[in-house]
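Notes to accompany the following structure.
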Amino acid sequence: MNTISSLETTDLPAAYHIEQRAHAFPWSEKTFASNQGERYLNFQLTQNGKMAAFAITQVVLDEATLFNIAVDPDYQRQGLGRALLEHLIDELEKRGVATLWLEVRASNAAAIALYESLGFNEATIRRNYYPTTDGREDAIIMALPISM
């Protein structure tokens with residue numbers, strides 16, 4: 001059974017473990033700790049009591065930015081990322097947020113397809129933004145209009 005709840009400070013070690021497993025260039029523990037507080041809307045998705053995914057989002061006035069989302073590799077391809085994003089979008093709409101922004105690696109075709117299926121559109125590209133093992137790659141900036 002899947003449950004979505006707030007990502008609390010006490011949940012950060014489990015989220016950090018997922019971050020390490022899910023991303024080739026993961027955030028540091030310090031970055032994780034600094035993305036908590038009242039201006040953040042952070043969620044976790046647990047499956048049978050174990051954290052399987054998380055999302056970290058900053059809300060400023062009527063805009064939000066999804067800073068990080070990850071699904072544990074053992075739980076990928078089960079629709080958990082979609083469920084977490086749909087929950088986030090619903091919560092942002094309740095708060096009157098007009099636009100949700102995110103950036104994604106140009107090579108992350110699965111994530112781009114998910115975002116597009118939820119209504120995100122490409123806004124711009126940041127050239128050579130992300131590090132790779134052999135250089136840099138572009139970030140695609142995407143936006144989802146939520147409410148007016």
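Here the Cβ of each residue, glycine as well, is placed from N, Cα and C on the backbone.
In Swiss-Prot this protein carries:
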ACT_SITE  E103  active site, proton acceptor
ACT_SITE  Y115  active site, proton donor
BINDING   I69, A70, V71, N108  acetyl-CoA binding site
DOMAIN    2-147  domain 'N-acetyltransferase'
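The two recorded residues, A70 (acetyl-CoA binding site) and Y115 (active site, proton donor), have Cα atoms 14 Å apart. The Cβ of V71 (acetyl-CoA binding site) lies under 8 Å from the Cβ of I18, A22, A52, A53, L80, G81, L84, each of these being in the same chain and 6 or more residues away along the sequence.
On the backbone, the CA of I69 (acetyl-CoA binding site) and the CA of the residue listed as 'active site, proton acceptor' stand 11 Å apart. For N108 (acetyl-CoA binding site) paired with the residue listed as 'active site, proton donor', the C-alpha to C-alpha distance reads 11 Å. Around E103 (active site, proton acceptor), the same-chain residues six or more apart in sequence whose CB sits under 8 Å from its CB are R126, Y129, A139, I140, I141, M142, listed in sequence order. Other than the site residues I69, A70, V71, N108, same-chain residues with C-beta atoms no more than 8 angstroms from the centre of those residues' C-beta atoms, the acetyl-CoA site, are A22, H23, A53, N68, G81, A111. Each of the recorded positions I69, A70, N108, Y115 was scored by the other Cβ atoms within 10 Å of its Cβ; the lowest score goes to N108.
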